[in-house]
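Chemist: The structure under discussion is supplied below as structure tokens; questions concerning it will follow.
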Amino acid sequence: MATCWQGLWAYRSYLIVFLLPIFLLPLPILVPTKEAYCAYSIILMALFWCTEALPLAVTALFPIILYPMMGIMDASEVCIEYFKDTNILFVGGLLVAIAVEHWNLHKRIALCVLLIIGVRPALLLLGFMLVTAFLSMWISNTATTAMMVPIAHAVLEQLYKTPTGKDVEEGSDNPTFELQEPSPQKDVTKLDNGQAHPVPPASSEPKAQKDRQRVRFSQGMSLCVCYSASIGGIATLTGTTPNLVLQGQVNSLFPENGNVVNFASWFGFAFPTMVILLLLAWLWLQVLFLGFNFLKNFGFGGHQREQEQAAFHIIQTEHKLLGPMSFAEKAVSVLFVILVVLWFTREPGFFLGWGNLAFPDKDGKSMASDGTVAIFIGIIMFLVPSKIPGLTQDPDKPGRLKAPPALLNWKTVNEKMPWNIVFLLGGGFALAKGSEKSGLSEWLGDKLTPLQNVPPPAIAFILCLLIATFTECTSNVATTTLFLPILASMAQAICLHPLYVMLPCTLSASLAFMLPVATPPNAIVFSFGGLKVSDMARTGFLLNIIGVLVITLAINSWSFPIFSLYTFPSWAYSNTTANCMVNQANTTTPRP
């Protein structure tokens with residue numbers, strides 16, 4: 001019997017793939033409408049994404065087969081959704097990120113910041129969190145974590161060594177890194193008759209305490225890296241894929257939105273959110289893994305220890321090994337700064353950008369998009385040489401001259417570009433378009449109209465908690481892909497600004513702090529050892545709550561002027577909106 005269950009478990013992916021479509025067949029058979037056909041496709045893909053019975057990107061290709069067969073959309077219409085402007089922005093942004101990573105510019109930035117911050121316990125945590133968050137704003141969260149974790153562990157190794165090279169646990173003392181643990185047993189104990197008798201100190205107690213301190217601080221350092229990688233990604237539109245999913249879904253579902261979600265508007269909303277959440281996460285990790293004695297955590301009251309000097313020396317040595325900045329690093333830095341400046345000034349909204357002035361359409365809007373800018377800078381990186389222009393001897397062919405290679409080459413890009421995400425993004429846009437074409441969005445909107453009586457802040461808060469919980473068990477990209485079209489339909493049905501619920505839920509999809517499998521940065525940190533699932537779950541649970549509260553604060557404060565959330569936008573009007581518009585006109589209570 002045990003062998004039978006083991007066999008079924010071994011073949012679980014095959015069984016899910018073959019049995020789920022059959023199990024769900026009653027839905028389209030009993031309800032032969034386009035709405036039911038589209039619901040069948042979405043439910044099937046959602047279950048495949050949650051179980052990962054098929055690779056996520058393969059599941060994302062299902063609409064190309066199912067929609068034409070079910071009469072929802074033509075194949076040509078579906079295929080267009082797989083390479084929209086948002087996908088171009090993703091590819092262009094990654095081209096620049098690959099160049100930064102290829103020439104090791106991200107490591108130089110990390111080490112420079114750590115040299116400035118120092119190695120005191122609280123400051124060391126802050127330094128690693130700031131560096132990781134900043135890098136993950138521009139390059140892959142996974143790549144950032146994979147680079148920062150070994151640096152963190154190398155620094156920790158030096159912090160726990162004595163000047164003679166022996167380990168702390170052999171008896172050396174480092175007061176700065178003595179975390180706030182319960183004090184060891186006193187040297188005096190009382191017998192039952194009340195007389196005090198001295199007892200010899202237990203030599204193993206300080207050693208055990210130091211071991212606990214070392215383990216706790218190592219855990220805190222590891223978690224600070226993976227958490228700040230996830231937090232930093234929310235700050236920019238290209239920082240993490242769910243942000244691009246939001247932009248693509250808004251442009252797909254509301255074509256007349258006037259490019260309301262662009263790089264500048266997103267940064268204005270998400271960057272302050274990221275900063276507040278990062279600082280609160282730092283305080284929470286400090287309390288949990290260093291204790292409440294903040295003076296001691298910051299190293300006040302004690303002199304600089306040789307262990308700290310050794311750890312600082314490690315960072316200096318790593319920085320010196322990089323040598324002076326090469327021409328390639330300088331060129332990538334300049335192009336990166338140009339890219340960010342062009343993103344911010346293309347169409348900021350509060351003043352005319354270069355896109356409005358140089359490339360306007362008939363309405364004065366910029367015809368160039370953020371994706372246009374990203375691809376432009378990416379192409380330039382294939383043209384700029386990686387060394388000061390000049391001719392050198394070809395080592396493989398003596399006597400022949402050779403030009404230096406470009407900053408980027410296709411082999412490097414092809415190896416590091418996550419093409420599967422392009423298909424995953426496209427599949428999400430196809431799902432959203434199919435929901436609109438089939439009428440499923442309108443049907444969902446009708447069913448969700450009772451939510452009109454619930455206060456908008458309560459709706460946003462509950463939905464954020466739901467998304468933050470759901471994203472612990474499934475891909476954050478799949479989570480946003482599935483939920484955003486539903487949230488858009490709900491907002492239209494109750495006359496709520498769609499971005500009022502779509503923005504916070506997109507940010508909440510990045511709050512995957514509790515489980516090692518929730519996100520690649522968590523898995524990388526967990527694979528280094530020293531952590532249990534319970535450690536991550538206990539730390540991440542409160543951090544999830546803090547994240548939802550910060551996001552709720554953001555959507556109810558500074559996001560209002562940025563996205564004009566005070567009124568229901570005309571570009572979101574639909575047939576399901578008519579009923580609530582009448583009710584809204586009869587009430588004096590403003591809704592966002």
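Residue numbers in this text run from 1 along the chain shown.
Glycine residues also receive a Cβ, built from the backbone N, Cα and C atoms like all the rest.
Sharing the record's features from TrEMBL:
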- 12-31: transmembrane segment (TRANSMEM)
- 43-66: transmembrane segment (TRANSMEM)
- 86-103: transmembrane segment (TRANSMEM)
- 110-131: transmembrane segment (TRANSMEM)
- 165-211: region 'Disordered' (REGION)
- 220-246: transmembrane segment (TRANSMEM)
- 266-295: transmembrane segment (TRANSMEM)
- 327-346: transmembrane segment (TRANSMEM)
- 366-384: transmembrane segment (TRANSMEM)
- 482-503: transmembrane segment (TRANSMEM)
- 509-529: transmembrane segment (TRANSMEM)
- 541-566: transmembrane segment (TRANSMEM)
Chemist: Grab the same-chain neighbours of the transmembrane segment (366-384) for me: Cβ-Cβ under 8 Å, and only residues 6 or more beyond its ends, written as numbers and ranges.
Modeler: 85-89, 91-93, 95-96, 99, 237-238, 259, 262-263, 331-332, 335, 338-339, 342-343, 346-347, 353, 355-356, 358-360, 406-410
Chemist: As a test: from 327-346, 509-529, 541-566, pick the stretch that has the greatest number of Cβ pairs under 8 Å with the transmembrane segment (266-295).
Modeler: 541-566
Chemist: State the residues, same chain only, that lie 6 or more residues beyond the ends of the transmembrane segment (220-246) and have a CB under 8 A from a CB inside it; answer 'none' if no residue qualifies.
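Modeler: Same-chain contacts beyond the flanks: 86, 89-90, 93-94, 124-125, 128-130, 132-138, 141-142, 144-145, 148-149, 152-153, 156, 261-263, 266-267, 270-271, 273-274, 277-278, 281-282, 285-286, 288-290, 370, 374, 421, 424-425, 428, 476-477, 479-481, 484, 502-503, 506-507, 509-513, 519, 521-522, 524-525, 528, 530-531, 535-536, 539-540, 543, 547.
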Chemist: Okay, the transmembrane segment (541-566) and the transmembrane segment (327-346): do they have at least three CB pairs under 8 Å, pairs separated by 6 or more?
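Modeler: Result for the transmembrane segment (327-346) with the transmembrane segment (541-566) is no.
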Chemist: Are there residues at least six beyond either end of the transmembrane segment (86-103) with Cβ under 8 Å to its Cβ atoms? List them, or say none.
Modeler: 138-140, 143, 237-238, 241, 244-245, 247-248, 251, 326, 328-329, 332, 335-336, 339, 369-378, 381, 386, 407-408, 412-413, 416-418, 421-422, 425-426, 429
